[in-house]
Amino acid sequence: CVFILSMRSMASKTPVGFVGLGNMGSPMAKNLLKNGYPVIATDVFPESCKELQETGAQVVDSPAEVAEKADRIITMLPSSPNVKEVYTGPNGILKKVKKGTLLIDSSTIDPAVSKEMAIAAEKMGAVFMDAPVSGGVGAANMAKLTFMVGGVEEEYHAAQELLTCMGANVVYCGQVGTGQAAKICNNMLLAIGMIGTAETMNLGIRLGLDPKLLAKILNMSSGRCWSSDTYNPVPGVMEGVPSANNYQGGFGTTLMAKDLGLAQTTATNTKTPIPLGSLAHQIFRVMCSRGYANKDFSSVFQFLREEEGQ
């Protein structure tokens, strides 16, 4: 390890496995290292592992190998098929998992898949919990994520010990799948709020208002929301957000479209009307086909500006 930790704290902290070192997973794993946990990591893209290896993590070739070496494993993956592959695939965690292993999945996936993974883990004598996150890359870097946890309550405290190294808020939601349910609901509201903020800012600009002034007024008025005061979608209004960097980084439009798809599926299954959620889903899907797939979801502002010319 590059930095010297007290040997006693190292000895008392057993290794933690980490699978999925993308925009979110990498800073989360780094925060575990900062808190003195030895990390055993893997990612389908070997180049993603390089930086973490330099920070002191041990890198292995597959999720199964992680499961051989660690009895607490966190996964952070893009979608339901990835989670199924990492847990139940030919080189998956459950091929080599040790009895009593705690498995924490921080991906945002269909709650039904979380329940499926929990049953598969239980058959192997392991415990699976869903713990999706809110807060984005910035919060991941600063260890200020919010974790929404679903699973057996008796295991919650063991999960909480690790999650508090990576987040400021850890909330127990109930049985497996309820963490995902909370996350899907949050992201549906986030998408609707971002579209509303983008429309509002665009209209105000067209009416001759200075965008910074308009944002200031909104943020001291009843229209204020996270998209207006923390993550404004208009370039030049705020520093340190994707709109200030050509919508690079942050939370990709593809991922937002995926989460809204999950909201749509769960709403259909529960016969819940979500007219604005459905419309938001369509807007972000269209954006994906118009060259915005890899841009941050706040680029909906730019998308709306382009629509004016149609």
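Glycine is no exception: its Cβ is also placed from the backbone N, Cα and C atoms.
Please treat TrEMBL annotations as automatic predictions, because they have not gone through curation.
Per TrEMBL, the feature domain '6-phosphogluconate dehydrogenase NADP-binding' maps to 16-174.
Taken together, the residues of the domain '3-hydroxyisobutyrate dehydrogenase-like NAD-binding' (177-303) have an average pLDDT of 97. Here TrEMBL flags 177-303 as domain '3-hydroxyisobutyrate dehydrogenase-like NAD-binding'.
Among the features that TrEMBL reports, active site is placed at Lys183. Around the Cβ of Lys183 (active site), 28 further Cβ atoms fall within 10 Å across all displayed protein chains.
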Worksheet, complete the sentence: The DSSP breakdown of the domain '3-hydroxyisobutyrate dehydrogenase-like NAD-binding' (177-303) into helix, strand and coil residues is 87 helix, 2 strand, 38 coil
